[in-house]
Every structure is written in structure tokens, then in C-alpha cells.
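Undergrad: The structure that follows is given in the form of C-alpha cells.
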Amino acid sequence: MISITEWQKIGVGITGFGIFFILFGTLLYFDSVLLAFGNLLFLTGLSLIIGLRKTFWFFFQRHKLKGTSFLLGGVVIVLLRWPLLGMFLETYGFFSLFKGFFPVAFGFLGNVCNIPFLGALFRRLQGTSSMV
């Protein structure tokens, strides 16, 4: 079994709060304070979960620099109180950074989900490009 440290548990909680504040800020018509707070919590929680060195390594790989620049640029734009533009940049950066993870996640959801329609939908979204 995988052992999880106390710092990783705290990181999961902080990341969850970050996602909550980002979604809540989006629901409140792109409230810049909530979005900025959510961004900071999300990035802090991510670094607590996987560690500072691995976080730096993930974001600054040569083939991920474009996505990283859009994501971090979006965070800066949100902090400068331009939330709509910042969230568009962040969304593009997020999909650019995590595009290799989506087929794996959809494949997992397709296997776990017992509802026939949703299982077939997730398996179709998985496609043929798998990281395994």
C-alpha cells in the first residue's frame, strides 16, 4: 500500500480548497479575489502533494513550457484583476499541460463506471492514445 505523509494530506486539502475557490469564483461572475486565492491554493497544494522539485520539473520541461507560460501567465493576469482573460489563458495552459493525462483518466473512469452509457462514453473519449 502507498504511504501518504502528513504534508501530502495537507496538500490534498489545500488543492481541494483551491479548486473550490476557483469554481466558486467562476460561478460568481469571475470574482478576481476568489479566483486569485483559488489559484494560489491550487499551486501550493500541488507542490505539497508531489514536492517542490517534482513540481518544478513537471512545469518546466522543454515540451511543456508553452502550457506552463500560459498557466502561470493566466495566474498573473488574474492577480492583476483581469479575471476573464486570465481564466482563458489558464484554461488553455491547463489543457496543454495535462493533455497526456486525459486519455488515462477517461480510461479509468470508463472501467470504474458501471452505468452503461457513461462507461461507453468514457471509453470512447479515451481513444487510442494511452500512456500505459
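Backbone N, Cα and C atoms are what each Cβ position is placed from, and that goes for glycine too.
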Undergrad: Would you confirm whether, in Swiss-Prot, Q8 and K54 belong to the same side of the membrane?
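TA: Topo match: yes.
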Undergrad: What counts of helix, strand and coil residues does DSSP assign across the topological domain 'Cytoplasmic' (1-9)?
TA: 4 helix, 0 strand, 5 coil
Undergrad: Is the topological domain 'Lumenal' (90-100) packed against any residues at least 6 beyond its ends, judged by a Cβ distance under 8 Å, and which are they?
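TA: Distant Cβ neighbours of the topological domain 'Lumenal' (90-100) are 39, 59, 64, 66-75, 78, 131.
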Undergrad: With DSSP helix as H/G/I and strand as E/B, how many residues of the topological domain 'Lumenal' (90-100) fall in helix, strand and coil?
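TA: The topological domain 'Lumenal' (90-100) comes out at 8 helix, 0 strand, 3 coil.
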